[in-house]
Amino acid sequence: MVKICCIGAGYVGGPTMAVIALKCPAIEVAVVDISAPRIAAWNSDQLPIYEPGLDEIVKQCRGKNLFFSTAVEKHVSEADIIFVSVNTPTKTQGLGAGKAADLTYWESAARMIADVSKSNKIVVEKSTVPVKTAEAIEKILTHNSKGIKYQILSNPEFLAEGTAIEDLFSPDRVLIGGRETPDGQKATQALKEVYAHWVPEDRIITTNLWSAELSKLAANAFLAQRISSVNAMSALCEATGANISEVAHAVGKDTRIGPKFLNASVGFGGSCFQKDILNLVYICECNGLTEVANYWKQVIKVNDYQKNRFVNRVVSSMFNTVSGKKIAILGFAFKKDTGDTRETPAIDVCRGLLGDKAQLSIYDLQVTEDQIRRDLSMKKFDWDHPIHLQPMNLAAVKEVSVVWDAYEATKGAHGICILTEWDEFKTLDYKKIFDNMQKPAFLFDGRNVVDVEKLREIGFIVYSIGKPLDAWLKDMPAMA
């Protein structure tokens, strides 16, 4: 019986291993983590992450061939294949600060594997890591090998939150990178056989190690670039009276371009896009490719510009001050159908408004008050460290209240900002909301979810990204 162990019980490790256990009943799968509360949650009825379909799979397999445990060393030493899915935050100090990946957690995992292994292992990189990580890990393992053979594979995940289980059931591709040696090929084949239980052969791509590592960064950079491209166009649309929805629809009809990822918004978020591009930039700089690094840097610059532009629109529209005014924030997660707030544009927008002394009332369908307060008081890259190592400073942000209902959030507010495209926000009773707001009542739609004309008929002054401007906004500067 093949035994698989996954180090790291997070957004990637948990769902991936649950699906492997479901699809391969003959394989014993253990997910291990040093965080006891996290493992306890995986073993309870209230899983630590929300992902449609995940609950059923975990309940079906848990205790049969899927185990969640804090006995890290025991399961690692027994496993044939070890997946490593630990945090790879962006460094905040030292060499490459603000760009390079911090491989501290990765390295300690590798050293622990070398310490406890008594038989040959296949070690699989599952976290998003910079190119050449495999080489570093290989060196640590071989220098501490005590006669044991290790093969390193790169098997990046391409999951999208909210559809992770679907993505695992029928992936566009499964990518496995390995060494081009006989032992390397054997290891690649072993992992390929696991996925072949449910993924068609032609969707399992095998490459060399570096290609697999780089493909993950490249895919995320291309996706983020599309969002920044359409967001850059949205600024031009506002300046010229064009409508970004019409432009994006026309552009997306070109089969070479396609319609996906062409929704203008307040900006992209999520745990990977910014981190992976910063990583890509750093790797380019390290290899002397300054022009290439600058090209990818622009994707993040446009994203930051879009968030700033949104805050400036809000402030300049409301008589150039939001000091002491109540502003309702509808949506805090980085996209709908997830409770994930990592790198969500809402953080920068809220901070921008708080910087101008606004009073915020925040409502999101999935995000807890504790998480929102934590996000607003944390330094830039702190979110990517294990939760017990995150600095706690929840005393900050007195000007924020978190409520559990959109009508409560908007009551008595001067303005509303929609920052997540939750379906609920399309069907709210905006007449009722308008009647309970201060006048003039402003609505800033950062996700283009509302019917602008209808809201203007009700009496709102509406700003919608990339749409022709309300007469009220025409003379206002777009950027302060």
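Keep in mind that glycine also has a Cβ here, set from the backbone N, Cα and C atoms.
What TrEMBL says about this protein:
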{"type": "BINDING", "residues": "8-13, D33, R38, 86-90, 127-128, E161, 272-275, R342", "note": "NAD(+) binding site"}
{"type": "ACT_SITE", "residues": "C272", "note": "active site, nucleophile"}
{"type": "DOMAIN", "residues": "328-452", "note": "domain 'UDP-glucose/GDP-mannose dehydrogenase C-terminal'"}
(Q) To see if you understand the setup: which same-chain residues, six or more apart in sequence, place their Cβ under 8 Å from that of Y11 (NAD(+) binding site)? (A) I49, L159, E161, A164, S271, D340
Q: Write down the Cα-Cα distance for C272 (active site, nucleophile) and N87 (NAD(+) binding site), rounded and given in Å.
A: 11
Q: Work out, from DSSP, the number of helix, strand and coil residues along the domain 'UDP-glucose/GDP-mannose dehydrogenase C-terminal' (328-452).
A: 42 helix, 19 strand, 64 coil
Q. When the Cα-Cα distance from the residue listed as 'active site, nucleophile' is computed for each of the binding-site residues G8, D33, T90, which gives the smallest value?
A. T90
Q | Tertiary neighbours of G8 (NAD(+) binding site) (same chain, Cβ under 8 Å, six or more apart) | A | V31, D33, V84, S85, V86, N87, A109, K126, S127
